[in-house]
Structures are given as structure tokens and as C-alpha cells.
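Participant: Let me begin by handing over the structure; questions about it come next.
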Amino acid sequence: MSTKDLFAEPNLKQITVWARGVVMNKDARDIVVALTEAAAKEGKYVQAWENYVDLPDRIYVPVRAYARISSDPIESKYIYENETPDIVVLVEESLIKGVPILKGIRPGSTLVVNTKRSIDTILEFLGDTGNLAQIVTVDANSMAEAVMTLSGAEGATDATGIGAGIAAPIAGAVVKATGIVDVENLAAVVKNPAAMRRGYAEAQVRQLPPHEAVEEAAVSATELLRQMPFAGTVPSPVTENEGMVTGNWRIQRPIIDREACTECYTCWIYCPDSCITRTEEGPVFNMKYCKGCGLCTAVCPSGALTNVPELDFKD
């Protein structure tokens, strides 16, 4: 039996929350915990956990947290990932670029994005919406200030409580669009119910036209090996790993003003990822691997570099 067969539970709802490593792990965790705590108050069966198999937990790397909610006992509780999510949540808007956020979604699924941009803009980056039935946007950053705490290390119970930062309004937007739990039960478990209610009230929801689902073709792994130049061998990259493109960790990118640049190459010296090349035209940035750390902008003595939000660019 495949894992997809294990997930054939009609009353099970799967929620996948995408966030950025280290700096946003807690927000993703708070969202899934808030939703499952609210569901538990309604007598439902729940699970909430985080995924550490994507990539090493580094700053800005795409990471996931999961929730499962059902009115029946969850039979597939030992499956580590949500392979067919019903609800996908993006804690940070640039995750819509270069990250397979819609992989495996079920027909009728919902996408919730924390952004101040329009739904039309989000659709431009999505391209094929697949099985999505609705898109939701909520400007959670303007609704609740992030709370800093010294209460403990990563993974510890945080004294600020569930949903103290942007998680509360995002969770409110999820409930508005899906009704997965009662909004009053959600208000009872978040630290900032006012922010949650604002997210619930102000979230923008758009229904999408029906999309004919496309069944994934089942391909034998053995057959794929036989199609390679030499059966049984796996080609390895010579100069770079195409599967490890770190540019999708970026939430902002450096933009250079050539007129202001003095070609001192201080940025080239300080770049921790060797993404800057010295050329006759001045510094050139490799956006395929630039993580948008902002160090080059910080050390530029002439102010020729500016950090610009990643979603301002279509490439």
C-alpha cells in the first residue's frame, strides 16, 4: 500500500506551513499548534510537528511545519510528511518563488499567503494553480508585532505564548477561508486574539475557476535507471549541485547603482557565498546562489547597493 493510499481518510485535513529557517520556525510552529489546539477543544483528533528533512536548518532556508485534523482517529499518524495537503500556508511571501509549495495538493485546496501584495500578483508567480480552489492573502506583518523573548532555546516552550507574533492573524485567515475550526476556539488559544480577529476580518479570499485534476504518471524507478546512458549509474554534477539552488532562500536581493559604484570590491571581499564576480563592468551578482544576506549592502562604502524585496522581480 502506498502512502497516498494511507492518506485516503475522508475526514482528514492536512495543513502544510512553509516558513524560513531559524528566523521564522516559531511562526510556523505557532500556526500549526494554534490550529490543532483549537481543533482539540472541539474534540477532534490532531497532530502538529515540524519537518527537519528538507535541508539543514539554516537562516532563510525553506522549512515546513505540519498539522493534521480529523473527526476520526488518524490512521496515517506515522507518515512523516503531508504528501497531499488540503491547506498550504506561506509565512513569508517570497516562498512562492522556486519552492514546490503546491506539490501534491488535493483538489479544492487553499493557499494562504502572508503578503501585502494583491492576489493578482501572487497568481503571476504561481502560473498553473493546479488543484487550488482559493487563494487567500493577509498582511499579518501589519497586524501584530513580532515578539522577542529570552525564554529559551529553539524548540522550547515560549513564554510569549501561541501566536504572539504574525502567527495569530495568519491562523485567523486560515479559519476564515476554510472554517477548519471555530474562530472562538482559535481566539481562546492564541496569545493575541485581537490580531487573530483582525486577520480573520481583513483576509482577502478569491475563489478560483475549476481546474481539471491531472493524475501523476507512475514511473518505475528501475525503468528510469535503464533510460540512463549507462544503466545503474547516477551522474553527479561536475561544478555545481543543481538540486541545491540556494537562491530560493532569499527574501531580498542586492541591486547595484553602477553610477555610485567605485569598484572598490569591498562587497566581493565580504560575500560569504562567493556570489560576486569581478568584471570590467564592476561587480556582478550570481542570483542563483545569492541568499540575500545583505552583508554586501551593509559594507558598501559608497552606498551603491540597495536591498529590494524578492517579489519585485519576476526572474
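Cβ atoms are placed via backbone N, Cα and C, with glycine included.
Note that the structure is predicted; figures quoted are calculated from it, not measured.
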Participant: Since Swiss-Prot lists Cys261, Cys264, Cys267 for [4Fe-4S] cluster 1, which candidate among Cys293, Cys300 does it give for that site as well?
Facilitator: Cys300
Participant: Centre the Cβ atoms of Cys261, Cys264, Cys267, Cys300, go out 8 Å, and tell me which other residues of that chain have a Cβ in range of the [4Fe-4S] cluster 1 site.
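Facilitator: For the [4Fe-4S] cluster 1 site the neighbour list reads Ile256, Thr262, Glu263, Tyr265, Thr266, Pro283, Cys296, Val299, Pro301, Ser302, Ala304, Leu305.
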Participant: For a quick check of packing: other C-beta atoms within 10 Å of the C-beta of Cys293 ([4Fe-4S] cluster 2 binding site), how many?
Facilitator: 20
Participant: By a simple count, how many Cβ atoms lie within 10 Å of the Cβ of Cys264 ([4Fe-4S] cluster 1 binding site), its own Cβ left out?
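Facilitator: For Cys264 ([4Fe-4S] cluster 1 binding site), the 10 Å Cβ neighbour count is 15.
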Participant: Restricting to the same chain and to residues at least six past its boundaries, which positions have a Cβ under 8 Å from a Cβ of the domain '4Fe-4S ferredoxin-type 1' (252-280)?
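Facilitator: 246, 286-287, 289-297, 299-310, 313.
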Participant: What are the DSSP helix/strand/coil residue counts across the domain '4Fe-4S ferredoxin-type 2' (281-310)?
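Facilitator: Per-class counts: 6 helix, 9 strand, 15 coil.
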Participant: For [4Fe-4S] cluster 2, what surrounds Cys271, Cys290, Cys293, Cys296 with a Cβ no more than 8 Å from their Cβ centroid?
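Facilitator: For the [4Fe-4S] cluster 2 site, the extra neighbours are Pro254, Cys267, Tyr270, Pro272, Asp273, Cys275, Ile276, Phe285, Lys291, Gly292, Gly294, Leu295.
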Participant: Distance check, please: Cα of Cys296 ([4Fe-4S] cluster 2 binding site) against Cα of Cys264 ([4Fe-4S] cluster 1 binding site), rounded to an integer number of angstrom.
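Facilitator: For Cys296 ([4Fe-4S] cluster 2 binding site) versus Cys264 ([4Fe-4S] cluster 1 binding site), the Cα atoms are 12 Å apart.
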